[in-house]
């Protein structure tokens, strides 16, 4: 099986349909032990950015001081939205709007960790994320060009003027903070904190009485509805007397060895407050090729797709519509509450309504669950998680927005733990998706702009989301396909019973045969010393005999499996309306196999003693005593639950007794016929000695001619035939 799985993984690696020529990347299956699970996936958990989208960001729109600007303005909206080309005239005005616009563009050019590199006379921005590169490129388009990064300063060119800003501190972005800040000293000596991040975290850190907040929120919603990625932009001027004490706190936090990240986050909270909202940005990240068709096909295959993203709710809904995860006909169940009690109340009310509607199929409709990160945090609490999961399972699609990497992993674990028998798959492209990928049964990493962290942590690496369709529906199905269900990785027998087979139920026959069995007696060996040459010539263990035994074992296995599989193929209806099921089939096959093995041991045994009787019939008697006892008791003490209520069904089934009596006989009939044929028509020398010993015939060795005649005489043939019948019955 391991060789088979290895070759199945090799087929995935060599599939040209999953090769992406743009990056010269082929699919890579890092483990062969999970290939059959690709054909059993029930839930797909997907990141959005870089997984469903191209992760190629383009700066499209922005809102500055409550005024919307765009690179391209629709004819119908001229006068409502202004082109980027109007910004120089706004900057030229020495009023509040001009000052805010200058601060906004300065922030885009300075608040980042981008490194500029000059290639072929052009500056190329190397950024830790495509968002940062897009914002810096957008600032360049608007004549605020980032030129040089020094260890302690940044140089920009604003409207043709060179300006150098001293970088005092950089409070880096992480998935928990969902924002980034840069504290700089402007050329005029002012200390300014520039901050950009998710609207939820920026707005709650703004000072009261924000003049542009209302308009900015309207624009944010419009951008999100168009499927654009949004960030809020804010600033704060920090007095020198406030900055110096805080800088000391920050330095101590940065020098901390244990819990450094947490200490820095605490220090950042002290300074990132009372912000002034400048506006918002909107970045376009287009869907990858083939994403809508892939998601629709997976849903048609019965796979539920959940999208877990850090984007705001409106953006997530729009992307869901664009990629056919959500259809226009779906009823959206939106969970967006501010407290745990409100979240629990909403979920319970919605569940009651859905249960009532399920009683009338005419009222049933496809649902899509939309839940934000705050509500999800409440829903993942133990007291609410089960109702939340029940609600989510009733929905055809689930979108979780504004979620952290930890929440992604917790959602996967919730499904994996509570929906028994379900196989989960998580797919992502960045380092923040690694925890989710590792939490699922099968992890898929996309090698892309975000790097190779996800691809290296995953079981399978692909370069485009659309390749997931063939990976699951073709390679997964091929790997799981077999002549009978359960071929790949599914055990037919209960695990402890399988252990008992070697250590208890079949341990005695090989021991007794190996120690006590004698193909002829000591007296015969003394009388016929020529028999010693059998060992010298290795008559009993040749390569041919070895392969004959292997072939016999294969024949027995195939015969037993396919005969029992044919009998139990359609889950037989048993006494009192019970059905057979897998475990009744498996236990019947187990006992048939055991009886066949013991029967084979009886056929090859040459000397029957009380120990032989104890080993062969006794082993089966022991099985009939212990197995029903174990199967009746074990499920009630939490062990071998597969046996629950199995024995009454099995012991009351005539099919079980039919299998137990006739299949071993049919299986061993070939062995008996072959043994009879060899003794009758192709006897070995020791066969003759065995006949002499058994029937106490006179020794005709002094006259070998007479011995040969005796062998060929009808009388001796009758004796041999009589012996064969003795072995048969």
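Positions of Cβ are set from backbone N, Cα and C atoms, glycine also.
In the three-state DSSP scheme, residue 433 (Mg(2+) binding site) is classed as helix. What TrEMBL records for 47, 49, 429, 433 is Mg(2+) binding site.
Cβ environment of residue 310 (ATP binding site): 48, 49, 175, 178, 198, 401, 402, 403, 404, 432 lie under 8 Å away, each six or more residues apart in the same chain. Following the DSSP three-state reduction, the secondary structure of residue 310 (ATP binding site) is coil. According to TrEMBL, the ATP binding site annotation covers 47, 48, 49, 132, 173, 196, 229, 309, 310, 311, 402, 408, 432, 433.
Annotation source TrEMBL lists transmembrane segment at 471-493 (among others).
Per TrEMBL, domain 'P-type ATPase C-terminal' is recorded for 480-684.
What TrEMBL lists as transmembrane segment is 499-525 (among others).
Here TrEMBL flags 546-568 (among others) as transmembrane segment.
Under 8 Å from some Cβ of the transmembrane segment (583-604) lie the Cβ atoms of residues 492-494, 497-498, 501, 505-506, 509-510, 513, 556, 560-561, 564-565, 568, 615-617, 619-620, 623, 627, 631, 642-643, 646, 649-650, 653, 655-656, 659-660, 663-664, 667-668, 671-672, 675, 727, all in the same chain and six or more residues away from its ends. Positions annotated as transmembrane segment by TrEMBL: 583-604 (among others).
Feature annotation from TrEMBL assigns transmembrane segment to 611-634 (among others).
Positions annotated as transmembrane segment by TrEMBL: 654-673 (among others).
Looking at residue 173 (ATP binding site) and residue 47 (Mg(2+) binding site), their Cα atoms lie 19 Å from each other. Mapped onto three states, the DSSP output places residue 229 (ATP binding site) in strand. Same-chain residues lying 6+ beyond the ends of the transmembrane segment (611-634) with a Cβ under 8 Å from its Cβ atoms: 496-497, 500, 504-506, 508-509, 511-513, 516-517, 587, 591, 594-595, 598, 601-602, 605, 640, 643, 646-647, 651. Looking only at other Cβ atoms within 10 Å, the busiest spot among the binding-site residues 49, 432 turns out to be 49.
Packing around residue 229 (ATP binding site) is summarised by its Cβ count: 25 other Cβ atoms lie within 10 angstroms of its Cβ, all protein chains included. Classification of residue 173 (ATP binding site) by DSSP places it in coil, neither helical nor stranded.
The DSSP secondary structure for residue 49 (Mg(2+) binding site) is coil.
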